[in-house]
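Student: This is the structure, below, for whatever I ask next.
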């Protein structure tokens, strides 16, 4: 280091400078140490640095200019750190030191300041690098290699000093003397200890002299004081005597041993063995009986000692006694750690536990140190890198059951009685079970064998993930019935095969079409072709198209003539074919006709032939057709042809003359799909369906069916009767489904047998397996046995351990040499000590290791006890006999006796029956018991069925019985005659009152059946039809709800419908004969009226068939039934009726017109003309000219199959052809216009299924909530497996049930209060106080009183009081001598005090304190009084807290202490200090001094609600009626809550006001 007054050179290095100054010429500098290098890890490394010589001005120079002796080293050893050192070294963090104010660390005196909440400070700690194994220190560089050095300082906050706070003084005690001068005392206790440098506690005791009066006689100045017992020691000569005695015995035995014969020696050996069992020779106890003494002194009232006078010596207490030499417990070293309980890899819980143990070598004896913990556990990780995975568990499911619709039916559904044919939406279920998820992997890792097909079911509790759905909606496709059109008309008589027209046999055919393709193909449709045999068949024929006009013969104007027919050639299907094909058929001849002359009668044309009245003919029935014509003009009187009579105006002919013989092919159902012998057998038995084929189809097969010819109304006939052409096929290909074998899981593990030695109770264990795939299509059947059961084995050795006590050894006295100086002592009698052996046994009596009893058995029995060897002068008595028997309970008395023994019978003092009673009498026990109910009735519980075990699959209970008659239970309690709780069996009760109850069954909403569908609202085009249901019964008790009803409680279903516009037609008969109003008999002509009958008729393929009601036909289309016109006179022109109007061309405008025409049937005479033969009319929109367009209706509601409840359906809509005036017309009008129509008329839809709420089974009843007492409950739960959907039955509200537990008495061990301090027969000194351990019974309620009962009732309990197993029944105490000054007993622990720093939110924990005050009896002994004492301890979480923020102790300050339970405040630090305020609902009542005196409840005003018959009471409470008008400073909110009494008259919150004097 350079000195300022020199110029020179020196070495620079990191070495500290020498303390002796020297002249320095140069400076040698050194760089930082380099990295630690070396080949090995650990201390063997080395590091170097650069060293150079520098001038004091900083420039570098030669090394020779520096002193070589002072040259720093440039190399040193170091610790080379490697990565694996991280597991060996770590930072050791010391505890933070006390918080030191920052002002105390600065130079100069500390500044005075006023504390306002707290002061900033700094606290430090030690941090060093240590070796983990033994904690030895290491270089910090090692730890810094892996982690920076933790901080050594941190800021802290010092609260303001808290002075000691004490309670007020207690009242003055009575005077310590009854005469003379004494003292009175009053004491107080510490509430808050001094904290953070606060003022110490003042005196806790205040003394005051008192003089009750002068003493009449001399005061008692002396008293005996007994000292404490000395430690137990062995007599000095005992070891030598015992060794000498053993040596002598051993030589004697050895000498005598050679004399005895072998049998005698064996008997002696057995006797020794028996004696050894009863002697204390256990290796775990080394009991040595020694002695201990104590001093008895004479003490003056002023505390000085005096000599014992002879009078006192005669009554001295015992000063020497036998004792057990204390021996500390000795244990072995720890065993090695066991292997880690987690021997596999589990990401969720990677760590396991391992244990180590140590054995007891020597149990503690006497006052020796108890044994430490014998077993230690720590967490661990599985060792090694290739750890197998842990067993994990997951849910598995069986395959879904068949889809069932019946579970969705409501109660009233008629289909419940007949389930066949149900389809649509349904419900299917499956079972869920738990398996070991990686069982196959683990099995493969263990034995490399093939995996099982299915995993073994495990306990359901092992699976923790979400449970898979156990039910789901499904769909049974509804079969679509085959729908066919009406029969078409009979066709012509044709050959069966037009290519082979041999023979004359033919058939007439009629056909119908399939309008709705059915499910499963066309095989379910009825026959579509019927055949009727006929004669003279032909495949082609001429069809009359029209007749030409009648042309008179010979070119005349009128008279007879002919009409040429216009024909075309058609085939049997009515299709136009080449005319040459009809060459073989007869050509239609010209039809004769007549053109009326001017004076002839004029007749109309014949009407078309009517529909044949019969489709066939028989002997009794013939088909007829009719046609008519009418007279249009009468003939002239002379020269004209006459009009025929009325019969000639009508013609009738036979029709359908063939016999009523109809044949058709009839098919049977398709048979099962069987293997096709022509193909290779590809079908194999498969356990599961192929993944590529969802339908499980394996190969092609064939199906066959029966086809026969049937004659209508007769039956089967030979096949040749039916035409061969339409004969159906008898065979078709089909897909064969795969065979599916039954798959079952392996058997689960056997259920555990309960460990019990009760052979009278037969216990069983079971195991089961589940069917996870049912067989089908001829697969392998399931095994018959799915569940097995067997008897549990009764264990050969009953589990459990017990202590066995051996005989007490002989009573050992203190050696005579030590007690012979004691007054009244005798050599062979007096108090002593005896010991016994204790061993560990199993319940069957076999020997067991002592550690088993330490873990499992009750407290170890005592191995020593005080004993008394009777002296000759002592009275000796026999033990008490047993009490005599009672003739009956509660009647008479019973006695027990004892007798004097030996010389005691002659001693007078022993005959004193007051001191030594020889008999005892007591009333006979009175066992009267009274049973009475207790608690509330349980829920109504239905009788339970069989319950599956834990491995059973979790099933869906579709129809779990949830209603009906059940039982509810009320607990019974049994008391004895002393009102003590006893077992209910004493009252001959099984613990319950049982009462029948009813759980009402849910009733679903009941509606009527659907009414019939109404007629379609339109007779032409699309309309709607309606059907309805009405409400019959509302739901109750949780039944299915009703659908939405209208105001008259009806529900409707409206669907679109379509009526064929040509279904009903008007049919007009021919016009009647004219009725001429202006009669001209000569001419028979003039104005007249014609009438005709118009009827509405059902239209069929054969034409109008039968008359129906007129309203079914369109009234606007009804033809006229009467007309007025002029009957032509002779020689007038006669026209036929007007033809139909021609169609108006589009668009409809008045510029366009349409026409109708007529032609002359009779030309006029000379000079007369025919009227116009055409009639023209302008086109007018919506009058005689119309536009047409398509109209599509709205979608219908979702329509289901009649056998479906829900699921997939179809919505439909209709297509109309609508005229421009809004009228629906036949669809053909729109079709003729070729209007575009790309609409979808059907769409699939879904009706939500009414799924009832599905619940799981009730769980098993839980354990009782209390092991004993009146309030125990058992509970069970169920869960929602499937929530209700749609209009399904909702879930019940009750998901949990409870019932009371059988009442059991609560037994517990309880201490009696400590006795007074007993110092034998003397006045003061060291004594003993005692307490008893008794068995108490209670009803378990906090309010109930406990009663003492026989100790046997607590025999099954662990010997512990409030969890403390260390039973202390006696303890040393001190009885102060007269005049002595002494410390009182400890006060009770105070409430917890919590000190907070205002505004900082810092909580310094909480403490509670107790104190001992001084009591004095003699004024002159005050200087000898001990110091008062106090001690504190941290609070537990359940202790009531005392919140304090006190002003400094100035002698006049009033300190408020708030005692609040922790639940009353959001945080444990109060917001306002020194303020007491009442809780909401209570008002402050202040004292005259302005301090809070009490919290009074604010009156509650009860206001009955108007119109409420139940008398509902609403509560209205006044708010802060006593709040002052001016808010006091600092009282911005209600922070402190005080309430004098809560329910049960217990303090809610207290505010104590103490004034420190």
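Yeah, the Cβs are placed from backbone N, Cα and C, and that goes for glycine too.
Note that the structure is predicted; figures quoted are calculated from it, not measured.
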Student: In TrEMBL, which of 240-263, 264-287, 288-311 is tagged region 'Disordered'?
Tutor: 240-263
Student: Can you tell me which recorded stretch out of 164-215, 601-660, 742-798, 1005-1046 has the most Cβ pairs within less than 8 Å of the domain 'Spondin-like TSP1' (1253-1306)?
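Tutor: Top-ranked stretch among 164-215, 601-660, 742-798, 1005-1046: 1005-1046.
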Student: In the domain 'Spondin-like TSP1' (329-381), how many residues does DSSP put in helix, strand and coil?
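Tutor: Counting residues per DSSP class in the domain 'Spondin-like TSP1' (329-381), I get 0 helix, 19 strand, 34 coil.
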Student: Any residues 6+ beyond the ends of the domain 'Spondin-like TSP1' (1005-1046) with a Cβ under 8 Å from its own?
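Tutor: Result: 410-412, 414, 963, 1052-1061, 1063-1064, 1112-1114, 1191, 1193, 1214-1218, 1223-1226, 1250, 1252, 1287-1290, 1292.
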Student: Where DSSP helix means H, G or I and strand means E or B, what are the helix, strand and coil counts for the domain 'Spondin-like TSP1' (742-798)?
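Tutor: Breakdown, helix to coil: 0 helix, 16 strand, 41 coil.
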Student: Please work out the helix, strand and coil residue numbers for the domain 'Spondin-like TSP1' (1005-1046) from the DSSP assignment.
Tutor: 0 helix, 16 strand, 26 coil
